[in-house]
Amino acid sequence: NQTAIKEFILLGFSYGLQVQILLYLVFLVTYMVTITENAVIIFVVKTNHHLQKPMYYFLGNLSFLEIWYISVTLPRLLFGFWSQSMTISFSSCMTQLYFFISLMCTECVLLAAMAYDRYLAVCHPLRYPAIMTDKLCFQLSILSWAGGFSISLVKVTFISRLTFCGPQVINHFFCDISPVLNLSCSDMSLAETVDFALALVILLVPLLIIVFSYCCILSTILCMPSAQGRRKAFSTCTSHFSVVIIFFSATLFMYARPRRIHPFNLNKIVSVFYAVFTPALNPLIYCLRNKEVKEILQRI
């Protein structure tokens, strides 16, 4: 006899009171800084006609995504620190899982679109304004959001159909795929296969586009006769390339491997990095490496 559970217990960070207070303050400051950084970037991009370019259009999209990305997990974690109530209903868990995976998949495609934009800007500068039009930018952004939310819907649909009968403790600070799958007591081979296959598609296809784009960019830069021209072309890509390395190194480690994995604390640490600190780092990377954005922020 098995009784399906209706709520989970998020184990979170089960340390002493002093450590939990410190973690609460760190996560609270990180959340506030992340929201502020990304909101400032959106405001700057929208209000300055000098930044009405495809690169900054995608940057605004990325900042909007990062605000929601960190808001899916961190407020619930902060509430748990404050109230000491770490229970979450099954429906809330599936909802959190859906939006988190949706935003992650969207970011994968969006980073590939940004790489394609940099490829056109460096490798085909004369044709760039004719190819990367406002219409194409809008279509690429819609493709990113629609593709990410559609793939996540399929993944979460298969996971939600599984039977969960205990133990109901999730050794994580939010509902992620592997910790949730570890609690299933039904045959989950189909759900694991679908999840793994879609994870490979949404991670590897954009990554291949990014690698191809940067191979072409590097080849074009090396063929430039002027050292100043090479530095200028390279500087337009370094911030995006840095974000790509940080994001894909963590997500490939977590999601592009067969399930079922055990909930080691290492997975929790990696999850903190890409779910909490990466959204805070991305605006800093783009601003510190971008002369136009820095000048506008200094004037403001």
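Just so it is clear, glycine is given a Cβ too, placed from its N, Cα and C backbone atoms.
Feature annotation from TrEMBL assigns domain 'G-protein coupled receptors family 1 profile' to 37-286.
Annotated transmembrane segment per TrEMBL: 21-44 (among others), in sequence order.
Residues or ranges marked as transmembrane segment by TrEMBL: 56-77 (among others).
Residues or ranges marked as transmembrane segment in TrEMBL: 97-116 (among others).
The transmembrane segment annotation in TrEMBL covers 136-154 (among others). Within the chain carrying the transmembrane segment (136-154), a Cβ under 8 angstroms from the stretch's Cβ atoms is held by residues 54, 57-58, 61, 98-99, 101-110, 113, 116, 194, 198, 201-202, all 6 or more beyond its ends.
Residues annotated as transmembrane segment in TrEMBL: 196-221 (among others).
Look at TrEMBL and you will find 233-256 (among others) tagged as transmembrane segment.
Counting residues 6+ beyond its ends, the transmembrane segment (268-288) has Cβ neighbours under 8 Å at 13, 27, 30-31, 33-34, 37-38, 40-41, 59, 62-63, 66-67, 69-70, 73-74, 100, 171-174, 176, 239-240, 242-243, 246-247, 250-251, 253-254, 294, 297 in the same chain. Taken from TrEMBL, the feature transmembrane segment covers 268-288 (among others).
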